[in-house]
Amino acid sequence: MGAAAVDDGPTGVKAPDGGWSWVVLCGCFVITGFSYAFPKAVSVFFKELIREFGVGYSDTAWISSILLAMLYGTGPLCSVLVNRFGCRPVMMVGGLFASLGMILASFATSIIQIYLTTGVITGLGLALNFQPSLIMLNRYFDQKRPLANGLSAAGSPVFLCCLSPLGQVLQYNFGWRGGFLILGGMLLNCCACGALMRPLEPPKKPVDQEEPSSKVVEKMKPKKKLLDFTVFKDRGFLIYTIAASIMVLGLFVPPVFVVSYAKDLGYQDTKAAFLLSILGFIDIFARPTCGIIAGLKWVRPRCVYLFAFAMVFNGITDLVGSMSVDYTHLVIFCIFFGISYGMVGALQFEVLMAIVGTEKFPSAIGLVLLMEAMAVLVGPPSAGKILDATHRYMFVFMVAGCEVTLSALVLGFGNFFCIKKKPEEPMKEVAASPAESEQLKKPDEEEKRPESITVDSIEVEQFLKEDTEKNGEVNTNPETCV
């Protein structure tokens, strides 16, 4: 309970923006890398699983879908656990779950067991790491938070570039069972990252003042909600949630289909797969760069509109990329898509933090991820149905581009027209008479008068004796002295 209370983000604790914050950022980098790259890296073992269990590609594709569904759909559960126990214990337990799922999967004898172990258990473990890491990043950074979010988000493309080749090496040397076992051991690093997330401590007070003040705080402090639904009263949060849900429908579609698009144009498998490497390489540099730009003084107050621009950029890239007719066009598409995709990845949680604040962020991110989980499950399958019906990738990319562009319009126009704040009007100074000014000053002077000020009785008597003719007789009673 003590750790959870401190982990609440106590009042009076300022984000360090340095020191141990950079260690927390390194932990978030690793957690983000595992969370986003692992569902894609597991696809390396799909051919071996198809051969082992005699299933189709669509059956093995459910492994990644369940992983992503657990990562997004368990957001409210993660919020409740973080508000109840704190970030550090939740992350360490999540690391154990992520590792245990892959270790158990290495002994699986059916594809259903793979769903339950790799999909459900490992997916839950990654979710219990990902969301608390973002919460701690929000608490440790304030002025440098956009840069920190950009650097943390860069873990996704970095780990994707590393885990996919590593998975192929493990499969070649140890088979899919040995590869799963080794990856399960690697996921134990999530526990180490969770141990780095030490709670922020409030400033220490003298021993004489600490005991009575702590008792008063315990009596006056309201009971914390495990899941704060009052965030839905915030119009900015509602606009963000709607826009993010629409965006996710089309955001992940191009990376899934771009390799197949190149193969459909008649290019070799290795040459087609190289497109993802180009996209990931650009993404690595786009996210930190966007974080630096978002941290500028004149950009940060308008970070929501920068996020909307990033989504428009991504949507237009999809629309233009749908016209690609050769490999050169696809390479150019991947470059621009990597830039826009990196911008979106660097800004999505920074904007949410700016909208709801530190106190409500644990509940807000859980609810947002739950809404996005529904869109994640609908987006790629619906794009596949469009492809089956038309047999042309152009329509798949066009639909994805329209969805992302629509989300940008919802976010941009929604913020501009619904929650645009009016500038505060300066207080007009009105000249007051001396009598009125004295009356206005008296309450303030009485409040600000320190107790140590005393009135000299000799000065009072001398004041009362002077100009008695003009002032009349004055009785020196306690009322006149005051």
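Cβ coordinates are placed from backbone N, Cα and C, and glycine is handled just like the others.
As given in TrEMBL:
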TRANSMEM  20-39  transmembrane segment
DOMAIN    21-419  domain 'Major facilitator superfamily (MFS) profile'
TRANSMEM  60-82  transmembrane segment
TRANSMEM  147-166  transmembrane segment
TRANSMEM  178-197  transmembrane segment
TRANSMEM  237-262  transmembrane segment
TRANSMEM  274-296  transmembrane segment
TRANSMEM  303-321  transmembrane segment
TRANSMEM  327-349  transmembrane segment
TRANSMEM  361-381  transmembrane segment
TRANSMEM  393-418  transmembrane segment
REGION    428-455  region 'Disordered'
COMPBIAS  438-451  compositional bias 'Basic and acidic residues'
(message) Do any residues, 6 or more residues outside the transmembrane segment (20-39), come within under 8 Å Cβ-to-Cβ of it, and if so which ones?
(response) 64, 67-68, 71, 91, 98, 122-123, 126-127, 129-130, 133-134, 136-137, 140-141, 144, 148, 151-160, 162-164, 187, 189-190, 192-194, 196-198
(request) Please average pLDDT over the domain 'Major facilitator superfamily (MFS) profile' (21-419) for the predicted structure. (result) 83
(request) Between the transmembrane segment (303-321) and the stretches 147-166, 237-262, 327-349, 361-381, work out which stretch tops the count of Cβ pairs under 8 Å. (result) 327-349
(request) For the transmembrane segment (274-296), find every same-chain residue at least 6 residues outside the stretch whose CB is under 8 Å from a CB in it, and list them. (result) 143-151, 153-154, 156-158, 160-161, 255, 258-259, 262, 303, 306, 310, 330-331, 334-335, 337-343, 345-347, 350
(request) Answer with yes or no whether the transmembrane segment (60-82) touches the transmembrane segment (327-349) by the criterion of at least three Cβ pairs under 8 A, sequence separation 6 or more. (result) no
(request) Decide whether the stretches the transmembrane segment (361-381) and the transmembrane segment (60-82) have at least 3 CB pairs under 8 angstroms, with pairs required to be 6 or more apart in sequence. (result) yes
